[in-house]
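Working notes, structure below.
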Amino acid sequence: MKAETHPTYFPEAKVTCVCGNSFVVGSTTESLKVEICSACHPFYTGNEKILDTAGRVEKFKQRRAAAKK
């Protein structure tokens, strides 16, 4: 067998969410940054949260309207 075929495993990799929540998991990278976690996801919190920060829906509607012309 070839040596060194598997990536390095970090048993205490830190995951940081944009909401400020952080927790430790096992991963092949030392640190992870996520946009949504269980502390801020609407399914777990019961609160509705709009994630359209860049106006993506409006851009899509404009492109769709332009394509129809």
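Cβ coordinates come from backbone N, Cα and C, glycine included.
On a predicted model such as this, the values are computed, not experimentally measured, just so you know.
Positions annotated as Zn(2+) binding site by TrEMBL: Cys17, Cys19, Cys37, Cys40. Reduced to three states, the DSSP call for Cys40 (Zn(2+) binding site) is coil.
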Provide the number of Cβ atoms within 10 Å of the Cβ of Cys40 (Zn(2+) binding site), excluding the reference atom itself.
17
Are there any residues in the same chain, six or more apart in sequence, whose C-beta is under 8 angstroms from the C-beta of Cys17 (Zn(2+) binding site), and if so which?
Lys33, Val34, Glu35, Ile36, Cys37, Ala39, Cys40
List the residues in the vicinity of the Zn(2+) site, defined as same-chain residues other than Cys17, Cys19, Cys37, Cys40 with C-beta within 8 angstroms of the site's C-beta centre.
Val18, Gly20, Asn21, Val34, Glu35, Ile36, Ser38, Ala39, His41
Which of the three DSSP-derived classes (helix, strand, coil) applies to Cys17 (Zn(2+) binding site)?
strand
